[in-house]
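Visitor: This is the feature table in TrEMBL:
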| type | residues | note |
| --- | --- | --- |
| TRANSMEM | 58-79 | transmembrane segment |
| TRANSMEM | 86-106 | transmembrane segment |
| TRANSMEM | 131-152 | transmembrane segment |
| TRANSMEM | 164-186 | transmembrane segment |
| TRANSMEM | 198-221 | transmembrane segment |
| TRANSMEM | 254-273 | transmembrane segment |
| DOMAIN | 255-476 | domain 'Major facilitator superfamily (MFS) profile' |
| TRANSMEM | 293-313 | transmembrane segment |
| TRANSMEM | 320-340 | transmembrane segment |
| TRANSMEM | 346-365 | transmembrane segment |
| TRANSMEM | 386-406 | transmembrane segment |
| TRANSMEM | 426-447 | transmembrane segment |
Amino acid sequence: MKEIIRKKMAASPVLRWTVLGLVSFTMLTGYVIADVMAPLKTLLEQQLGWDSSDYGLFTSGYGWLNIFLLMLIFGGMILDKKGVRYAGVLSVGLMIGGTLLKYWAITADLGGAVSSFSIGGHSLFSVKSQVLYATLGFAVFGVGVEMIGITANKAVVKWFRGRSLALALGINVAAGRIGTAIAMFGSLPLARMTGNPGAPLAVCLLLLCIGLLSFLVFCVLDRREDRETETLPGTEKEEEFKLSDIVKIAKIKAFWYITILCVLFYSAVFPFLKYATELMIQKFHVSPGFAGAIPALLPFGNILLTPLFGSIYDRRGHGATIMLIGSALLVCVYTLFAIPALTANWMAVVLVLVLGAALSLVPSAMWPSVTKIVPYRMLGTSYSMIFWIQNWGLAFVPLLIGVVLKNHCIAGTVVIDGVVSTRYDYTLPMLIFAGFGALSIVFALLLRREDARKGYGLEKPNDELQTNSTTKTQIP
Ligand SMILES: N[C@@H](Cc1c[nH]cn1)C(=O)NCC(=O)O
């Protein structure tokens with residue numbers, strides 16, 4: 001065990017909250033683009049001649065570079081080595097570059113060109129060039145947006161550790177949810193109004209440039225603060241991140257518990273949203289025109305509740321218990337979704353709202369808790385390792401649910417909007433999500449036990465820890 005002296009918590013509250021506003025706004029602009037194409041699936045098929053597999057390929061592009069080329073992990077290491085300013089500007093640059101490529105692909109007339117890939121004369125696969133370029137653009141964007149996620153978290157920790165940290169991180173998550181809500185509600189009307197599926201992307205690009213400006217203003221404030229803090233008496237420079245720190249992180253049991261809890265929990269929520277509209281139509285008999293509005297309630301609930309639960313964690317503690325309650329709610333929600341006899345509309349609304357509460361509880365406690373388990377200098381890499389494993393779940397669980405639906409859940413046909421469609425029985429997928437929830441409970445319990453053993457302080461108020469740890473913190 002080693003002790004280092006932390007930088008003094010300088011900065012006025014006004015400056016701290018200004019910094020949070022600037023960084024969170026940049027996050028918001030990135031998260032709008034992450035979801036902006038999701039409501040346009042039908043429009044892409046109608047206007048650009050895409051089919052479902054083109055759309056599936058394009059959507060999956062988000063995780064390609066992050067997962068397979070380990071870009072997320074490299075992003076975390078760059079963040080720890082070079083700092084939040086460098087990593088943030090790089091992230092926004094990648095998001096702008098990726099979105100420009102995607103916008104060009106969607107709006108250019110490529111004359112129906114097809115790109116084919118073959119090895120030794122054997123054709124592997126061919127894909128519409130437009131889809132390929134749009135997917136590559138989304139893949140580059142995916143690296144940037146995941147990196148801004150970890151960078152924003154680390155920047156918030158840098159400015160808020162010990163002072164309303166969970167509230168600040170909760171507001172940052174809420175900013176991301178506002179971005180998702182804007183995309184879910186604004187994208188389709190704008191594309192329809194202009195008759196151009198590229199129009200929402202053009203607006204997003206403009207928004208992202210404002211996000212870049214916002215981050216640049218943050219950089220000026222952050223650099224000034226760094227200079228002032230360095231000159232404070234009694235302030236020692238923090239140890240630099242080393243590659244060997246990855247091994248140190250990997251040896252922390254609680255880190256793995258929180259990582260596994262993260263992948264299980266998020267795999268039970270975000271992939272559910274990809275099927276939620278169909279579930280509303282087929283199980284709860286909601287009209288197709290209104291069905292998307294029920295799952296869209298989810299981010300709205302989060303916008304208020306995540307900061308609220310964060311603030312409770314700051315003042316009262318119980319971080320591990322909050323994660324436990326959030327996981328338990330998942331089991332309740334999906335078990336009720338699985339019961340075939342429950343088909344009332346209001347029930348679907350209530351269950352989505354409770355799911356929203358779960359999606360507020362767990363992130364509000366999870367991201368601040370990581371700061372109690374790993375030292376600040378390793379935080380970028382730790383967040384990136386957690387996000388990397390989480391991205392596997394986010395990429396493959398929707399696929400798993402699709403395969404399960406296709407092979408085990410077909411229950412005849414149903415007429416939707418005058419079109420005969422396959423009818424699915426969603427009981428099994430809902431039980432799978434409930435299973436993820438049950439496993440999340442196990443890992444939340446393990447985390448709580450480990451906390452009791454090692455004394456990370458997950459059950460203690462963050463603000464109380466501040467008085468003990470503003471100057472000194474224990475480093476494993
Ligand atoms: N790694 C991200 C994944 C994501 C993408 N869009 C929404 N979430 C993440 O976990 N961000 C934190 C969060 O709670 O959304």
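Using the three backbone atoms N, Cα and C, a Cβ is placed for every residue, glycine included.
Keep in mind that TrEMBL annotations are predicted by a computer and have not been checked by a curator.
Walk me through where these features lie, including what they touch and how far apart they are.
Guide: Listed by sequence, the residues of this chain that lie at least six past the ends of the transmembrane segment (58-79) yet keep a Cβ under 8 A from its Cβ atoms are 34, 37-38, 50, 86-87, 90-91, 131, 134-143, 146-147, 150-151, 154, 241, 243, 380-385, 387-388, 391-392, 394-395.
Among residues of the same chain six or more beyond the transmembrane segment (131-152), those with a C-beta under 8 A of the stretch's C-beta atoms are 23-24, 26-27, 30-31, 33-34, 37, 50, 54, 57-66, 71-72, 75-76, 78-79, 84, 87-88, 90-106, 110, 115, 172, 176, 380, 383-384, 387, 391.
Here the transmembrane segment (164-186) has long-range neighbours at 16, 20, 23-25, 27-36, 38-39, 149, 152-153, 156-157, 200, 292, 296, 299-300, 302-304, 306-311, 313-314, 319, 360, 363-365, 367-368, 371, 462-463, meaning same-chain residues at least 6 beyond its ends whose C-beta is under 8 angstroms from one of its own.
Beyond the transmembrane segment (346-365), the same-chain residues lying 6 or more positions past its ends with a Cβ under 8 Å from any Cβ of the stretch are 166, 169-170, 173, 261, 265, 269, 272, 276, 279-280, 283-284, 286, 294-295, 297-302, 305-310, 313, 318-320, 322-323, 325-327, 329-330, 332-333, 336-337, 440, 458.
Residues 60, 62-63, 66-67, 70, 72-73, 76, 146, 149-150, 258-260, 262-264, 266-268, 270-271, 274-275, 370, 424, 426, 428-429, 432, 436 of the same chain lie 6 or more positions beyond the ends of the transmembrane segment (386-406) yet place their CB under 8 Å from a CB of it.
Within the chain carrying the transmembrane segment (426-447), a Cβ under 8 angstroms from the stretch's Cβ atoms is held by residues 254, 257-258, 260-261, 264-265, 267-268, 272, 275, 279, 282-283, 320, 323-324, 326-331, 333-335, 337-338, 340, 362, 397, 400-401, 404-405, 408-409, 458, all 6 or more beyond its ends.
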Visitor: Counting Cβ pairs under 8 Å that sit 6 or more residues apart, are there three or more between the transmembrane segment (254-273) and the transmembrane segment (320-340)?
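Guide: Between the transmembrane segment (254-273) and the transmembrane segment (320-340), contact is present.
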Visitor: So if I exclude everything within five residues of the ends of the transmembrane segment (86-106), which remaining residues of that chain have a CB under 8 angstroms from its CBs? That is, six or more out.
Guide: 23, 26, 30, 33, 48, 75, 78-79, 130-134, 136-145, 147-148, 150-152, 154-155, 197-198, 201-202, 204-205, 208-209, 211-212, 215-216, 218-219, 380
Visitor: Which sequence-distant residues neighbour the transmembrane segment (293-313)? Criterion: at least 6 residues beyond either end, Cβ under 8 Å.
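Guide: Beyond its ends, the transmembrane segment (293-313) has Cβ neighbours at 164, 166-171, 173-174, 177-178, 180-181, 184-185, 273, 276-277, 280, 286, 319, 322, 348-349, 352-353, 355-357, 359-361, 363-365, 368, 461-462.
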